[in-house]
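Accompanying notes for the structure given below.
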């Protein structure tokens, strides 16, 4: 099935846009302008530009193999990028091209090898455009592309540059740590690049960085990360965070009170506060003000994503990726939770322009199952579902904040869900209240109605653990001799054959206490007598000096020593009876008494229950048997308290 594209209206209809006709060839990518006025998509041989309202075709550019495209902030210019190609004559392939969105004319072209950070960065008024080429920052005036570079700044080792929004634009330049030299960030005023930086800071442990400006362009957050964590505590390296002011009057490190990586951070649209999700799971989420003073701590939960709605009224905390996909939405004013949404396998999450709806999507190739989009109301209900076999890209149509309706003082009520939600709910399996517990594993010979008690857990009527040893440690294994009986141990008829023969039951388990074997005392006495007789035979053979040695396991006349000859000597020289074994004491065999072992076993069970509680707090899914184990905590503590009373007091 070729990749196609579609435009769908929003709430409450969610129907395909009537004036838009999907192309009959595969679509590679699409994009809206920041103001939502224009829309474009790329085909294998064409790029088409539409007026978003009504999907009216404006321009069709004959371009092949376009991989990326992007509009300038006001939609005046369209940038396209294709993979670089080597020409035989050695000329550079100018694969980054800038077009006029209104006329379709090519204005300027550049050579850009890397797909990461491929596009130019524009000021919000489109008065200037910035591009990083090696260590050099180049500045252009889009109204005068033909003049080329109008200003430039060379910063040795520069790896990234980020242009601020706002009416007084600045640029933040990051230099990674290299060959023992510390990393640094420098902020320059765009209109005064040749002057000294307005703010700068150096630090170590920064191989790469993520830079986010606030909406006004007055402050910048810098997230640093190393490739390797020298403490070996994290697979993803060490992270750090810094806050700097564009004016140079404030900079500091954001100190976090929980050890672990920084998962995500985001500015509030009011530019006065930001949120950070950090620490080992379950991670903490804290909102700070613009002077890095803590405003609110949301506590520890399995989250790794934070987002403010465009009006800054709602805060979204979620756990995506390898987490369960739970989304918690909080009211920023009251700092209370509004709802929790279950959106597993989400790979894209985005607020609508009015801040009332949330779009979640499962995209390919991140996940190739359950692809599609879901639209949720901010109060929690699901209002629209669209499942697609393979979904590669989705987004809301942007709307400038000043054109979006204001968010009401009270959380608005959810609209009626579309028909797609009702159809989708019919296909979902309804959860049942009675969950069939998963039993313990039993070998095939122990299955069926006549399951021996030895193979059952205690809560299923099985044998109690011996001497308080932990369940599953082998303490319940019956002491028995070797048997070829087809029946499992403990079952009726174990050790018996069809003809009534007991089989081979003379061997015993190594290390078993006396009397545990099936052979009995007579067998052990007979074995000792045989050993004594063998020693006597060897002594007699040496004293007589016989010319011919006695055959092995027999006497001179061929009579087997184990039968007639053995019985005769047994009567002549009976060995002395073995000494009586001394009674075992706890000090002699190195073991503890029954009560002490039981106490130790109960403590181990309590420790296991605490570990299960920690797993539940981190959002991990537990089995039914693990929930049952946690429910027995009170009984275990009660039994432990009674046993500890009976223990002797220690000095």
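Placed from the backbone N, Cα and C atoms, the Cβ positions cover glycine too.
Taken from TrEMBL as is:
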{"type": "DOMAIN", "residues": "169-263", "note": "domain 'Ig-like'"}
{"type": "COMPBIAS", "residues": "399-409", "note": "compositional bias 'Pro residues'"}
{"type": "REGION", "residues": "399-593", "note": "region 'Disordered'"}
{"type": "COMPBIAS", "residues": "419-428", "note": "compositional bias 'Basic and acidic residues'"}
{"type": "COMPBIAS", "residues": "464-476", "note": "compositional bias 'Polar residues'"}
{"type": "COMPBIAS", "residues": "538-550", "note": "compositional bias 'Low complexity'"}
{"type": "COMPBIAS", "residues": "574-584", "note": "compositional bias 'Pro residues'"}
Tertiary contacts of the compositional bias 'Pro residues' (399-409), as residues 6+ beyond its ends and Cβ separation under 8 Å: 34-36, 269, 309-311, 313, 353-356
Per-state residue totals over the compositional bias 'Pro residues' (399-409) - DSSP helix, strand, coil: 3 helix, 0 strand, 8 coil
Residue counts (helix, strand, coil, in that order) that DSSP gives for the domain 'Ig-like' (169-263): 3 helix, 45 strand, 47 coil
Within the compositional bias 'Basic and acidic residues' (419-428), residues counted as helix, strand or coil by DSSP: 9 helix, 0 strand, 1 coil
Averaged pLDDT score, the domain 'Ig-like' (169-263): 89
